[in-house]
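Chemist: Per Swiss-Prot, the features are:
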type    : residues               : note
BINDING : C70, C74, C77          : [4Fe-4S] cluster binding site
BINDING : C114, C146, C206, R276 : [2Fe-2S] cluster binding site
DOMAIN  : 55-278                 : domain 'Radical SAM core'
Amino acid sequence: MSEKMYATLKTAEKIFSEISSVITKQEGLEILNGSIPLTTCLDKAFQERNRYFYNKVRIHILDNIKNGYCPEDCGYCAQRKNANSGIKEYPMKSEAEIYEDAVQAKKNGAYRFCMVTSGTGPNRLTTERLASTIRRITNELGMKVCLSAGLLDEEKAQVLKSAGLDRYNHNLNTSENHYPEICDTHTYAQRTQTLDSVSKAGIGMCSGVIVGMGESFQDIVDMAFELKSFRVISIPVNFFIPVKGHAIKNPGILTPELCVRILCLFRLVNPDSEIRIAAGREGHLRSLSAMALFAANSLFSSGYLNVKGSEIIETVTMIRDAGFVPELVDGGILPEESGTEMLYSEKNFPELYKFKKS
């Protein structure tokens, strides 16, 4: 046996057997490059997932409350300036519209309602509008709310915190090294400053990544450890979708296996964080979507910002088929009747009912 092969097997043995071990950056690279068997990675990742989240999966539902009109130039985004993506632009929805969206999300079994607005960041007036909406949703529906509204200072974060916001999303998206390749209208440092502001206000930090934008394995490993240094409690892992109008020069090739390995990496580096399968799940994970839940404990359903996704019934069925259960905001479990029976309803499969007696 070669010295290199022996070292690789010893690394796999360590990750497999030492439940409380903390992986190094080198071990992270070996997870991504295939040196460690996928089943070994999943076994270790599942042990950590199960330790903190048991067999529960949290479903998040996005509400794109303002689309387009963005002055930023993030290369991955259909809403970026000069994108010519053909998306339907609209100003911020009214409080009543957003509230009704939240009502529907709760009916669908959402653990958290995620409000997303385009733009560099909210001004004072917009912050107050958002705070009013958040206050109503949390008080009247008892829902957990996450807001993604761009760059934020501590003063505005305090306003949102006072309204009941317990989670703010601001993705780092890629490594500091790779950031100039994807955006030139703001800096990586400005994004980390927003995380600092959110933390100082006492709001839980949600920050994640987009993989597949031409970054290296080292960049992905660096991102996982950077988020660990910020003690981020919720990490959405997006898989790049080449939407019309994007400006990513050399998108990477993402196989379903690599996507699962990436989720394992983020779980092993951030064992007690909520790891969420985000945009690109349907197209990149494909038949391994259910397998990915052995590393991740959360996912989005019912679509993304400008891309369709799996509907809630399909998502819930996949979760249950894999032996997991959808977790509700009160810690309970989504009732069984919202699953397979609805999936095979007459509306969805009329051919199954064509001989039904009237």
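Using the three backbone atoms N, Cα and C, a Cβ is placed for every residue, glycine included.
Can you walk me through where each of these features ends up in the structure?
Modeler: Within 10 Å of the C-beta of C74 ([4Fe-4S] cluster binding site) we count 22 further C-beta atoms, all protein chains included.
Contacts of C114 ([2Fe-2S] cluster binding site) defined by a Cβ separation under 8 A and a same-chain sequence distance of 6+ are given as H60, I61, L62, D63, V145, C146, L147, S148, N169, F300, in order along the sequence.
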Chemist: Name the secondary structure element type, per DSSP in three states, that contains C77 ([4Fe-4S] cluster binding site).
Modeler: coil
Chemist: Where does C206 ([2Fe-2S] cluster binding site) sit by DSSP, helix, strand or coil?
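Modeler: Its secondary structure by DSSP: strand.
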Chemist: Rounded to the nearest Å, what's the C-alpha distance separating C70 ([4Fe-4S] cluster binding site) and C206 ([2Fe-2S] cluster binding site)? Just drop the number here, would you?
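Modeler: C70 ([4Fe-4S] cluster binding site) and C206 ([2Fe-2S] cluster binding site) have their Cα atoms 22 Å apart.
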Chemist: Name the residues of the same chain, 6+ apart in sequence, whose Cβ is under 8 Å from the Cβ of C206 ([2Fe-2S] cluster binding site)?
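Modeler: Counting only residues 6 or more apart in sequence, the Cβ neighbours of C206 ([2Fe-2S] cluster binding site) under 8 Å are C146, S148, R167, Y168, N169, H170, V232, I233, S234, I235, P236.
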